[in-house]
There are 2 protein chains.
Amino acid sequence: MLLCDIGNTTATFYKDRKIWSLDIDKFRLFTPDEKVYYISVNDNLEDILSNDIFVNLEPYIKFSTTYLGLGIDRAAVCYSIKTGFIVDAGSAITMDLMSNNIHLGGFILPGITTTLNSLKKISNRLDKPLNSQIDLDCIPQKTADAISYGIIKPIILLVEELSNDKPIYFTGGDGEFLSRFFKNAIYDRALIFRGMLKAIDENKEIIC
Amino acid sequence: MLLCDIGNTTATFYKDRKIWSLDIDKFRLFTPDEKVYYISVNDNLEDILSNDIFVNLEPYIKFSTTYLGLGIDRAAVCYSIKTGFIVDAGSAITMDLMSNNIHLGGFILPGITTTLNSLKKISNRLDKPLNSQIDLDCIPQKTADAISYGIIKPIILLVEELSNDKPIYFTGGDGEFLSRFFKNAIYDRALIFRGMLKAIDENKEIIC
């Protein structure tokens, strides 16, 4: 079974526990030879996705929430977790709270690379790479550390403040790195696909 | 006595407790009729500032620190405070810790407008204004609140975590807004000029 998470710049596939990506331009030329179960936040692919070989899982990813405007990619990630605090760290970082399959809300911050780029634009003096080895127990003593601390420390404080005793899940491109700052955090690159698989599993008769 | 804080896009003046600004292009055409005591982070004004009517205060703003590469504007702000946690909220937000005139270190995050702009560039869906009235005790239930929470909450957690029992000072364009989230915080728009005045006061014989 072939799954696909379609973003604005990349389409990411999942099959038999393997994950790979295509640029959207290449995805446009992709001619699948089996059904592609997908979710998409890309509004410019309607012509391609109208082909019956593409099956949109969005109608099947439903849970109780009062949140308005939750993107389908974020919803799919949340859908994979019954109870937990979920951090999806990509170009933006979303943090969401799930409790007994109910979505309690969430919030958004710029991702690590997005933040580094925004500081670089303010001044050349702030054009520094992330120091992934930074000691967060000491107040920084140089610009590169000051920037790295300003990126990582708030994420840690937010997770500590809001996760309470719930399990903490990390996913997304920077998820593995950030998960290392927590003793009991779970990193799972495939969280979004687990949500999609759950939706398929719960709607087998209709979908398959 | 006329003071001036020269940045990359703006020069800000202080005289008799009044503060006003000039764009750098207009500052280039400015012909002072009295001495201008200044600090500058702008490397492109050497021709203008070489005139004797401009007096650089940078050599007189000195305190004990092991921090490498502290900008002179940030140093002047810190120089105004004997003991305290200082938040300078402009296009970047710097947070610094002073204890008995010793600078213990500090860190940097993107400012409020910088963060809003960086999110907007990720996706149109994240193009939202700040909700300054957001309730930080509730986890957000819509995108505009999710973004505002993701901006304000980390700042509050950082200040709470690091200020300990020290007085908290806010300055910079967003300083007044952010200071409202703390019971005992002091907002002072003129902190940088107080540092400059202190440097002049301590070096009267040499400077004046």
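Every residue gets a Cβ built from N, Cα and C, even glycine.
Per TrEMBL, active site, proton acceptor is recorded for A:D73. A:D73 (active site, proton acceptor) counts 21 other C-beta atoms within 10 Å of its own C-beta, drawing on all protein chains shown.
Counting every protein chain shown, 22 other Cβ atoms lie within 10 Å of the Cβ of A:A11 (ATP binding site). Summarising the annotation, TrEMBL assigns ATP binding site to A:D5, A:I6, A:G7, A:N8, A:T9, A:T10, A:A11, A:T12, A:S91.
Marked as substrate binding site by TrEMBL: A:Y67, A:G71, A:I72, A:D73, A:R74, A:T143. For A:Y67 (substrate binding site), the same-chain residues that are 6 or more apart in sequence and have a Cβ closer than 8 Å to its Cβ are A:H103, A:G105, A:G106. A coil conformation is recorded for A:Y67 (substrate binding site) in the three-state DSSP classification, outside any helix or strand.
Sequence annotations record features per position, and here TrEMBL assigns K(+) binding site to A:D88. Around A:D88 (K(+) binding site), the same-chain residues at least 6 positions away in sequence with a Cβ under 8 Å from its Cβ are A:R74, A:V77, A:T94, A:M95, A:D96, A:F170, A:T171, A:G172, A:G175, A:L191. A:D88 (K(+) binding site) falls within a strand when secondary structure is assigned with DSSP.
Contact with chain B, taken as any Cβ pair under 8 Å, is found for the recorded positions A:T143 out of A:T9, A:D73, A:T143.
Counting only same-chain residues six or more apart in sequence, the Cβ atoms lying under 8 angstroms from the Cβ of A:T143 (substrate binding site) belong to A:R125, A:L126, A:K128. Cβ atoms within 8 Å of the centroid of the Cβ atoms of A:D5, A:I6, A:G7, A:N8, A:T9, A:T10, A:A11, A:T12, A:S91 (the ATP site) belong to the same-chain residues A:S21, A:I24, A:V41, A:N42, site residues excluded.
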